[in-house]
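Q: Not my notes, these are from TrEMBL:
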DOMAIN    306-366  domain 'RAP'
Amino acid sequence: AEVSTICGQQLRRGARLLQELNRCAFARLRGAGSLHLLLEELAYVNGDWFEEVLCGETMAACQRLVDQVTFANVLQFSFFLMKANHRSVSLLDRIASVTLQNIDKIHPLEIYFILQLFSILNYDPPAPEEFFENCIQHLISNLSCFETHHLVLLGHVLAVAGYFPPVLIKMIFNVPFLSKLDAELEVLPDTSKQKVRLCLMKLNRAVCLECPEFHIPWFHERYCQHVFSLRRHVHKMLAEILGGSHYTKISVLTPYCYEIDFECILDENKKPLSYMAQNILLGDTEGMHSKHDIKDMALPPGAQRIALEFLDAKDFSKDSHHLKGESAVKKRHLEMLGYRVVQIPHFEWNSMVLSTKEAQLEYLKKQLYETQ
């Protein structure tokens with residue numbers, strides 16, 4: 001009873017503190033008289049509190065101070081709107097107007113980020129052709145300001161907006177440029193490297209579909225097959241190990257809406273169970289969300305579901321092979337739902353030791369059939 005009383009007191013204090021915090025935040029927003037100071041403070045505000053509580057009041061404050069948007073703060077303001085993911089017509093129109101009026105005072109790289117805002121939000125300001133063409137002309141005159149991979153990102157942003165400057169497209173899609181890009185990507189972090197390669201693929205696709213007159217070939221077929229083929233490749237190997245594709249499922253949605261890469265079921269003798277068997281009812285998650293223990297649901301005695309998960313670089317901290325929190329809690333929750341979880345780290349799967357299909361098959365067999 002004493003613990004309950006203390007917890008109740010702490011909850012009430014927390015609720016009062018949150019109410020006071022909200023009150024202070026609303027008061028500051030309503031009393032804000034400087035857009036510059038407001039943007040400085042908003043740079044440190046993130047997450048659900050902003051999205052659920054402050055966003056509407058913040059947008060109202062920005063609209064009240066919209067005349068204070070200048071060439072000096074238009075980039076910072078654009079970053080804020082991208083973070084807020086808010087399509088405010090009056091604010092976007094002001095950004096476009098300030099950009100057009102001061103285009104020679106704004107660095108080309110800043111123009112790229114401003115265009116990215118309009119591209120992401122799929123918004124055309126008044127006189128869109130004048131806005132985009134003036135920005136594009138300013139960029140084309142200053143392409144030397146951009147690193148090679150930034151030009152790919154720029155090309156993709158413009159393509160999303162529906163613009164394909166011939167000078168930029170022809171610059172990107174030639175062998176010397178792409179060779180230089182490959183060399184530059186070697187020294188970029190993995191996340192940046194993946195982003196640039198994905199943008200190049202999307203730009204290549206957009207040019208092929210929308211600008212056939214450029215005669216740019218589609219050369220990303222192998223890239224796409226590589227990106228999307230891992231699951232197919234592993235699915236085939238699991239089918240080979242288990243004795244058929246009907247012994248495994250791909251992209252399974254579990255109760256409580258976790259998605260797992262692969263699932264299979266082994267009976268008490270480590271023999272696979274077919275998903276075609278009438279007495280195994282899987283894939284129907286309706287009505288399961290209220291059950292906290294589904295270990296034995298619709299399975300023969302001694303049988304066990306196995307969740308096979310591939311983990312990439314984002315699942316680990318940069319300085320070690322230590323699993324990050326989201327992936328760890330997913331494993332814990334899947335185990336609570338009755339799964340034996342097999343996690344396959346990218347640094348093991350992509351290692352030289354597993355460079356052959358035979359080695360990969362043996363690795364998967366060991367992971368699936370290891371004794372618990």
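Residue numbers in this text run from 1 along the chain shown.
Even glycines carry a Cβ here, placed using N, Cα and C.
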Q: Per DSSP, how many helix, strand and coil residues does the domain 'RAP' (306-366) have?
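A: Counting residues per DSSP class in the domain 'RAP' (306-366), I get 32 helix, 15 strand, 14 coil.
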Q: Find the average pLDDT over the domain 'RAP' (306-366) in the predicted model and report it.
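A: So the average pLDDT across the domain 'RAP' (306-366) works out to 88.
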